[in-house]
Amino acid sequence: MTNVLIEDLKWRGLIYQQTDEQGIEDLLNKEQVTLYCGADPTADSLHIGHLLPFLTLRRFQEHGHRPIVLIGGGTGMIGDPSGKSEERVLQTEEQVDKNIEGISKQIHNIFEFGTDHGAVLVNNRDWLGQISLISFLRDYGKHVGVNYMLGKDSIQSRLEHGISYTEFTYTILQAIDFGHLNRELNCKIQVGGSDQWGNITSGIELMRRMYGQTDAYGLTIPLVTKSDGKKFGKSESGAVWLDAEKTSPYEFYQFWINQSDEDVIKFLKYFTFLGKEEIDRLEQSKNEAPHLREAQKTLAEEVTKFIHGEDALNDAIRISQALFSGDLKSLSAKELKDGFKDVPQVTLSNDTTNIVEVLIETGISPSKRQAREDVNNGAIYINGERQQDVNYALAPEDKIDGEFTIIRRGKKKYFMVNYQ
């Protein structure tokens, strides 16, 4: 008997590997299943690289199953070697605690809590911190063969360049997590990225050896790739964070709206809860009227609203429209800084005020002759307003918050002028 959720995950391309495809399907058809996904607190915010595993877990919740979200307060003190070419820098306990605080708030925005299938948030330091070294070696290490661990991709890929015993034992700690959640909270499925396959299967194997447990399964989702070969999850400014202080909702919105025609339908399937009928319609729109970018706008709206809420989405759309139309005066200083974060930053002394000299000193125009031509031809805009007077002097009101001025040359070349 097929399972509606599994069929949906397959259609979305969200299933990479399963330890027992039929076993998982039978289990989901039989009962409300408790399953988990985890993340180590390596920073004080999640980034969009974390989104897909957690959104996949949320899809299970939408179908009546109960998600456990594990934050690795214990494993985060060690460091996961999976997908890393070199040793991680160990974090202090204080830093890990600070990171957990930030991530926990974001988890509450992604999942529903307080219902009969409400999410459960756990920290693995609560049980890993209680295990003594002797207990770790006798009760757990005895059941894990070194040859078995050496066969894991996450270990093999590091042997040539070296791996510490600390990171070598990481997979055992994550295996202990699955066993603990299985016995204490009846958790039967672990969900993770494709790089977590070795850690997931280690947990199932440890349960089998320790408890004779067979009712435990693993499901991984694919690595998110872009059609141009670039790494997903990075903008020109770096990582795209879920924390609005690190990546503003406007920047977040812009990241999604700028996805290519080649990637947008896949990302609609991955990152939104829109159904097949609507996504098929958006695909048709993309094919027939790509200039409208309806699919990209929908992707940006759906993901931004889910993570930041409707008010933040409306602000992001308003900022985008104002920047597109050149109506900069309708925006606050913070909104302008967010909007022009990636444009060239130039510095100007407070003594320079003549528009031609400003253009030369900042390098916006390459020569005095060109600067005068740019102004005379109406190619220069100060904070969105055209300036055609070569004798114009920048006034205090041209400095937004007394800090910066936005100068545009031509149709699309923006510069943020900062003062010293």
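Glycine residues also receive a Cβ, built from the backbone N, Cα and C atoms like all the rest.
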Stated Swiss-Prot location of motif ''HIGH' region', expressed as one of 41-50, 101-110, 221-230: 41-50
Most crowded position, judged by CB atoms within 10 A, among Y36, Y170, Q174 as binding-site residues: Q174
Residues from the same chain, set at least six apart from the ends of the motif ''HIGH' region' (41-50), whose C-beta lies under 8 A from its own: 71-73, 76, 88, 91, 96, 98-103, 106-107, 224, 232-233, 239-243, 246, 255
